[in-house]
């Protein structure tokens with residue numbers, strides 16, 4: 001029996017499903033594998049996405065990112081026996097599969113290898129692929145974990161092999177579970193050990209009045225796209241500047257898109273874009289549909305490390321920004337501020353976003369923000385010009401009358 005849990009967007013309730021060789025739409029995956037005695041033998045929870053570089057029929061190259069796995073199954077996942085070690089197998093899409101193999105030593109178990117197979121015959125994801133067929137990449141991993149400890153890695157781990165990049169984060173996994181009870185003792189990956197042992201920096205600034213942050217240059221514009229089983233479902237491009245105030249100390253942080261990872265998901269009524277980096281655990285933009293004909297930015301969640309080593313977290317699910325009709329995109333080239341709370345604001349630059357109804361991977365016609373709308377300047381300029389002309393005419397008239405009176409003075 002296979003049990004797994006779905007959590008499509010932050011803040012949503014977690015619902016546990018238990019199926020025998022069943023299928024469910026999954027984004028954050030959670031697997032609880034049981035043996036013949038109905039005792040847990042393998043537990044895993046993780047998130048992942050794949051980026052694939054492929055050659056087209058035009059001899060050019062394209063890159064596709066798969067983060068929404070659609071409907072998944074776990075056929076072939078086993079607890080292991082004397083001949084075979086435990087194994088996680090995930091199937092999704094049209095001929096896509098992902099496999100993790102575990103091995104056991106005297107006092108340790110290992111995540112031995114990870115393999116990923118993708119099908120370039122899937123014309124939705126690879127519409128113009130030169131080579132059609134199922135391709136497989138296999139990566140030896142060899143992560144050793146003490147028996148009866150659960151492996152945790154919240155940081156992003158990356159596997160690269162030729163044209164495929166695999167990224168994993170928020171990983172929890174334990175093979176060879178003893179006595180059917182998942183361990184509470186965690187074995188951290190190296191990246192998480194580094195992030196949790198950073199020596200705090202002591203500030204000498206007296207935080208009585210709120211300090212003014214040093215102005216930052218305009219941030220670089222990042223481009224983000226999320227795909228599901230039907231192709232690209234979310235597009236976004238924007239420069240992001242974070243304004244954080246903690247203990248009356250304000251700081252400004254520009255997000256560098258070159259060192260920022262992203263993932264997300266798309267649903268009929270909601271869409272999620274999540275950014276993360278070495279200092280940002282997560283920055284979530286959650287979009288929603290309202291009145292069945294418009295979309296807007298409904299929610300922002302953030303958790304990040306500050307320079308003093310502390311973690312700053314805030315969430316607001318009652319926002320109303322970036323409003324536009326469904327079937328269009330929202331655009332605002334000028335600086336705009338999203339006020340999440342009194343202590344956290346986001347400045348956006350050169351913003352364009354479309355979280356629903358993306359067609360052929362391209363933005364639809366944009367609805368511009370009021371800051372970009374220069375049409376109101378036209379009547380102002382015309383009115384000012386006419387007013388100036390009237391004033392000139394009146395002055396000229398008065399000067400002319402004055403000269404006329406001067407010509408008829410009494411002798």
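Easy rule for this one: first residue shown is 1, then count along the chain.
Just so you know, glycine gets a Cβ as well, placed from its N, Cα and C.
What TrEMBL lists as disulfide bond is 153-189 (among others). Around the Cβ of residue 153 (disulfide bond), a 10 Å sphere holds 22 further Cβ atoms from the protein chains shown.
Taken from TrEMBL, the feature disulfide bond applies to 332-369 (among others).
The domain 'Lysosome-associated membrane glycoprotein 2-like luminal' annotation in TrEMBL covers 219-358.
Among the features that TrEMBL reports, domain 'Lysosome-associated membrane glycoprotein 2-like transmembrane' is placed at 378-409.
Annotated transmembrane segment per TrEMBL: 376-399, in sequence order.
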By DSSP, how many residues in the domain 'Lysosome-associated membrane glycoprotein 2-like luminal' (219-358) are helix, how many strand, and how many coil? 3 helix, 98 strand, 39 coil
Cβ atoms other than its own within 10 Å of the Cβ of residue 369 (disulfide bond), all chains, total 19
Taking the Cβ of residue 332 (disulfide bond) as centre, how many other Cβ atoms lie within 10 Å? 23
One should report the C-alpha separation between residue 332 (disulfide bond) and residue 153 (disulfide bond), rounded to whole angstrom, as 37
List the Cα distance (Å, whole number) between residue 369 (disulfide bond) and residue 153 (disulfide bond). 40
